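**Student:** There's a structure below that I have some questions on.
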Amino acid sequence: MNANNTLDLTPHFALDGDQPFKDRRAMMPFRGAIPVAKEQLAQTWQEMINQTASPRKRLVYLHIPFCATHCTFCGFYQNRFNEDACAHYTDALIREIEMEADSVLHQSAPIHAVYFGGGTPSALSAHDLARIITTLREKLPLAPDCEITIEGRVLNFDAERIDACLDAGANRFSIGIQSFNSKIRKKMARTSDGPTAIAFMESLVKRDRAAVVCDLLFGLPGQDAQTWGEDLAIARDIGLDGVDLYALNVLSNTPLGKAVENGRTTVPSPAERRDLYLQGCDFMDDAGWRCISNSHWGRTTRERNLYNLLIKQGADCLAFGSGAGGSINGYSWMNERNLQTWHESVAAGKKPLMLIMRNAERNAQWRHTLQSGVETARVPLDELTPHAEKLAPLLAQWHQKGLSRDASTCLRLTNEGRFWASNILQSLNELIQVLNAPAIMREKP
C-alpha cells in the first residue's frame, strides 16, 4: 500500500513492446515457513506421523539419487550410478518405508499418485524396482486407481526393467527424452542418439500396458523453430499418451550454465523461448491433444498427470529417499541429501531428516488454489480475496498486453500468459497477501 492507502499495481504491469517481462521469475520453496530447531526434528517428526491426515489428496514421492552420466543442463545430479550402491540403497529405502508405514499418518488416507523421481529411477535393477513398487503396494494404502509413475531415460532402461515395473504395478512411464535430435542430444551429454531414442519410445508404446509420456525441452543450445518442430512431430507420431514441454532453465552450477557464463555456448533468449513455447502450444492444439496444464498435454484418456496436478493443488506428499522432499499437515521437510548421512540415519532406525519447516500461515490453502489455477490457466480471484476488484487496473493491463483472454476477475490466461505463468503467479501471490492482510496492517505507513 502507498501513502494514500491504495495498492500500487504498477511494479506488476507488463512491459511495453513484444516481451511483457524481462525474464521468467521463479517462486521460492518454503516461502514464509519457519524452520524447526535441529534438536527438535525427531520429536516433531513423531508428532507429525501420530496425527491423522488432513482432508486433502495424498501423494508419495521416492527419490533415486543415481545417474549413469551427468547431463550438461541438469542441476539434480547427486551420485554416480553403481550397481552395488543401488542395491544397498534399495534395501535402505525399503527400510525407511517400512519404519513408518504403520503410523497413524501413513494409514489414515488413500494415496492417489506415486512418483519415482531422481536422478534416474530406471537405473535401478529390475529386481530392485519391483521390490520397491511391491513394498509400496503392500505397506501403504494405495488407492485402487493410484497412478504409479517411473521416471526414466533411454540409457539402460531395458526390457527386463520395464517389464519388472509393469508386473509389479507401475502404470505410467515418464521418459526424459529432451530432444530427438542427435546433435543436440550429444551437446547435452545424452549417450543415445535420436534414432535409438525413437526406437525405445516406440517399443514402450507397443507394450500397451501403461501410460507413456516423454519430456521435451525447448530453449536448448543449437535448437531453433525447425528442430523444435521436428521433435514435436516425432512425439506426435510415436503414439504417446502424453507429452511435457518444458523451458530450459539454465542453472549456474551446471556444466551448461558454466559454458553459457564463459561464452562457450549460447541459448535462446527469453523471447525466443516464448516463441518456441507458442509454437508447441499451436502444434499440440492442431494435433488434437488436450492441454492438461501449462506444460502437459494428453492424447489419450490414459494420461492423467495426477501427481503433477495434485502437488500444485497442495496435496499432502509423503517422501522417501535421500534428497526427497515432502509436506503434510502444514509442515514441509527434506531428507538428508548426503548419501552416507542418509544411510546412517536409516540404519539407526531414524527418519533421515535434513530439515523441517512449519508453515507460519493459519490458512495457506489460498496459495495452493492460486498456484493450481495459474497452472491450469484459470484463476477465480474472487474466491481468493474479497478485494479482487482492486486488481482491475492490473487485469486490464495484462489483457491489453495479450496475457489474458479478458479483463475479468476470473483470470483466464492465453498461451502467452501461460509462458509467463511464473511471473503472473509471483505478482498475484504478493498482491493477494497484501489485500488479505488485516486492515490495521494494510494501513501502516
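Cβ coordinates are placed from backbone N, Cα and C, and glycine is handled just like the others.
Annotated S-adenosyl-L-methionine 1 binding site per Swiss-Prot: Y61, G118, E151, in sequence order, evidence recorded as similarity to another entry. According to Swiss-Prot, the feature [4Fe-4S] cluster binding site maps to C67, C71, C74. Positions annotated as S-adenosyl-L-methionine 2 binding site by Swiss-Prot: F73, G119, T120, Q178, R190, D215. Taken from Swiss-Prot, the feature domain 'Radical SAM core' covers 52-287, and the record attributes it to sequence analysis.
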**Student:** For G118 (S-adenosyl-L-methionine 1 binding site), find which of the binding-site residues C67, C71, F73, C74, Q178 come within 10 Å, Cα to Cα.
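**Tutor:** Checking each Cα against G118 (S-adenosyl-L-methionine 1 binding site), the hits are C67.
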**Student:** Enumerate same-chain residues with a sequence separation of six or more from C71 ([4Fe-4S] cluster binding site) and a Cβ-Cβ distance below 8 A; give 'none' if the list is empty.
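**Tutor:** Y77, Q178, M188, A189, R190 - these are the non-local Cβ neighbours of C71 ([4Fe-4S] cluster binding site), listed in sequence order.
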**Student:** Provide, as an integer number of angstrom, the distance between the C-alpha atoms of Y61 (S-adenosyl-L-methionine 1 binding site) and G119 (S-adenosyl-L-methionine 2 binding site).
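**Tutor:** If we compare the Cα positions of Y61 (S-adenosyl-L-methionine 1 binding site) and G119 (S-adenosyl-L-methionine 2 binding site), the gap is 13 Å.
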**Student:** Write out the long-range same-chain contacts of C67 ([4Fe-4S] cluster binding site), meaning residues 6 or more apart in sequence whose Cβ is under 8 Å from its Cβ.
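**Tutor:** In sequence order, C74, Y77, Q78, N79, R80, F81, G118, G119, T120, A123 meet the Cβ cut-off.
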**Student:** Taking the residues the record says bind S-adenosyl-L-methionine 1 (Y61, G118, E151), how far apart in Å are the two Cα atoms that sit farthest from each other?
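**Tutor:** Those residues reach a largest Cα separation of 11 Å.
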**Student:** Just to confirm: which same-chain residues, 6+ apart in sequence, have a Cβ under 8 Å from the Cβ of E151 (S-adenosyl-L-methionine 1 binding site)?
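**Tutor:** When sequence neighbours closer than 6 are ignored, E151 (S-adenosyl-L-methionine 1 binding site) has Y115, F116, G117, G118, T120, P121, S122, S174, I175, G176 within Cβ distance under 8 Å.
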**Student:** Comparing the binding-site residues Y61, F73, which residue's C-beta has the most other C-beta atoms within 10 angstroms in this structure?
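**Tutor:** Counting every other Cβ within 10 Å of each candidate, the maximum falls on F73.
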**Student:** As a test of the contact definition, list every same-chain residue at least 6 positions from D215 (S-adenosyl-L-methionine 2 binding site) whose Cβ is closer than 8 Å to its Cβ.
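**Tutor:** The answer is S174, I175, G176, I177, Q178, V243, D244, Y246.
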**Student:** With the S-adenosyl-L-methionine 2 site defined by F73, G119, T120, Q178, R190, D215, which remaining residues of that chain have Cβ atoms positioned within 8 Å of the Cβ centroid?
**Tutor:** C71, C74, R153, G176, M188
**Student:** For R190 (S-adenosyl-L-methionine 2 binding site), what is the tally of other C-beta atoms lying within 10 angstroms of its C-beta?
**Tutor:** 24
**Student:** Hey, for the S-adenosyl-L-methionine 1 site built from Y61, G118, E151, who else sits with CB inside 8 A of the CB center?
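**Tutor:** Apart from the listed residues, the neighbours are L62, H63, I64, Y115, F116, G117, G119, P121.
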**Student:** Checking the spread of the S-adenosyl-L-methionine 2 site as listed (F73, G119, T120, Q178, R190, D215): what is the longest Cα-Cα distance, in whole Å?
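**Tutor:** Spelled out: the longest distance between any two Cα atoms in F73, G119, T120, Q178, R190, D215 is 15 Å.
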**Student:** Specify the count of other C-beta atoms within 10 Å of the C-beta of Q178 (S-adenosyl-L-methionine 2 binding site).
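**Tutor:** Cβ-Cβ neighbours of Q178 (S-adenosyl-L-methionine 2 binding site) within 10 Å number 24.
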**Student:** Relative to the Cβ position of C74 ([4Fe-4S] cluster binding site), how many further Cβ atoms are located within 10 Å?
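**Tutor:** C74 ([4Fe-4S] cluster binding site) is surrounded by 18 other Cβ atoms within 10 Å.
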